[in-house]
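J.: Okay, handing you the structure first.
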Amino acid sequence: MKKYNRIFTIVVDSLGIGETEDSKEYGDIGVDTLRHISESVESFNIPNLQKLGLANLHSINHVEPVEKPLAYFMKMKEASVGKDTMTGHWEMMGLKIEKPFQTFTDTGFPQELLDELSKRTGRSIVGNKSASGTEILDELGEHQIKTGDMIVYTSADSVLQICGHEENEIFGLDELYRCCEIARDLTLKDEWKVGRVIARPYVGMKKGEFKRTSNRHDYALKPYGTTVLNTLKDNGLDVISVGKIKDIFDGEGITESNASKSSVHGMEQTLEIMDKDFKGVCFVNLVDFDALWGHRRNPIGYAEELEKFDVNLEKLLNKLKEDDLLIITADHGNDPTYKGTDHTREYVPFLAYSPSMTGNGLMETSNSFATIGATIAENFEIDMPKNTIGQSVLEKLL
């Protein structure tokens with residue numbers, strides 16, 4: 001069987017392609033991130049995704065299917081319970097999450113947790129509600145500058161987020177990270193457990209001028225079991241992460257990490273990594289689609305971000321070697337035309353391409369995201385870890 005020396009797996013964060021049979025159980029009716037983005041703009045220029053076969057896989061306004069797509073493609077349905085970042089990525093690497101991470105979206109965090117966090121950090125706490133990052137800064141940024149109080153908030157995800165002004169005399173990065181480490185320790189308790197604690201540094205001095213910086217840091221839970229990434233690393237293969245992949249897996253199974261300032265930067269980093277001689281996986285997360293456009297319900301911004309991605313995708317396609325494999329996918333949906341600000345439970349795309357391929361076309365829908373991890377494992381002739389899921393499609397990539 002043909003083996004690939006390098007596999008580039010790119011997660012276009014939140015690029016869902018239509019509701020699943022169980023979407024209604026998650027409050028998501030009629031959702032379709034990609035389709036609804038395309039219906040919100042007057043033109044949509046993604047020629048390289050089109051060339052791979054994205055419009056053959058799923059109906060996209062302004063983008064026609066092509067007669068001979070370059071890639072193999074299919075829809076994947078999440079087997080795990082949930083629709084968040086960690087669940088999606090962990091499943092890609094073989095873990096099925098049976099119990100969703102708890103959220104505090106509607107209630108805020110328990111007073112007992114806040115009291116303990118305040119006591120251990122020595123700071124008063126304001127916020128304690130679900131909000132977008134821009135909203136919470138406009139509301140409480142000036143207050144923090146005056147008082148030094150810690151801004152704590154959450155979202156539709158299983159997260160506890162803390163905002164801190166980057167300038168030391170006001171709050172400072174070191175102090176923000178210290179507070180987040182304390183929060184992570186506290187939220188390991190079952191009744192307070194969240195998937196991630198996120199440090200959200202910002203700059204600016206008044207409402208309307210506050211901006212979050214790229215010094216964000218995620219303090220994630222370790223995966224609940226051994227993933228394909230661990231097995232790759234244990235077998236001497238390279239696992240190079242770009243974007244928030246390292247944070248999502250709490251560093252487990254990663255041999256080299258690259259933090260990104262934006263999704264465009266993430267693609268630029270990936271293009272640089274392509275010049276390296278390595279054997280293994282480059283695992284990329286491009287978060288701006290989700291963070292800047294999906295949650296903020298901005299379909300036009302989302303479409304423009306996809307067009308920027310497509311420009312760099314052309315460069316990537318041109319740099320692929322005969323023994324490279326490219327996989328493009330997503331971790332959940334986030335329909336920017338849907339009510340609220342939450343992720344949406346959707347199918348995600350699987351596009352697989354190598355310059356050495358002689359075939360192409362539609363494959364049968366996968367019943368889990370773990371197809372990715374299983375395919376990677378078979379390619380590098382390593383066993384799937386115990387208690388993992390996933391069926392490889394390597395033999396179908398001709």
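Cβ atoms here come from the backbone N, Cα and C positions, even for glycine.
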J.: Considering the Mn(2+) 1 binding residues Asp331, His332 given in Swiss-Prot, which of Asp13, Asp22 is annotated for that site as well?
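T.: Among Asp13, Asp22, only Asp13 appears alongside Asp331, His332 as Mn(2+) 1-binding in Swiss-Prot.
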J.: Can you match one of His265, His343 to the Mn(2+) 2 site that Swiss-Prot gives for Asp290, His295?
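T.: My reading of Swiss-Prot gives His343 as the candidate in that site.
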J.: Rounded to the nearest Å, what's the C-alpha distance separating His295 (Mn(2+) 2 binding site) and His332 (Mn(2+) 1 binding site)? Just drop the number here, would you?
T.: 12
J.: Helix, strand or coil at His295 (Mn(2+) 2 binding site), per DSSP?
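T.: Once the DSSP labels are grouped into three classes, His295 (Mn(2+) 2 binding site) ends up as coil.
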J.: What is the separation, in Å, between the Cα atoms of Asp290 (Mn(2+) 2 binding site) and Asp13 (Mn(2+) 1 binding site)?
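T.: Approximately 6 Å lies between the Cα of Asp290 (Mn(2+) 2 binding site) and that of Asp13 (Mn(2+) 1 binding site).
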J.: When you tally the Cβ atoms that lie within 10 Å of each candidate's Cβ, which of the binding-site residues (His295, His332, His343) has the highest tally?
T.: His343
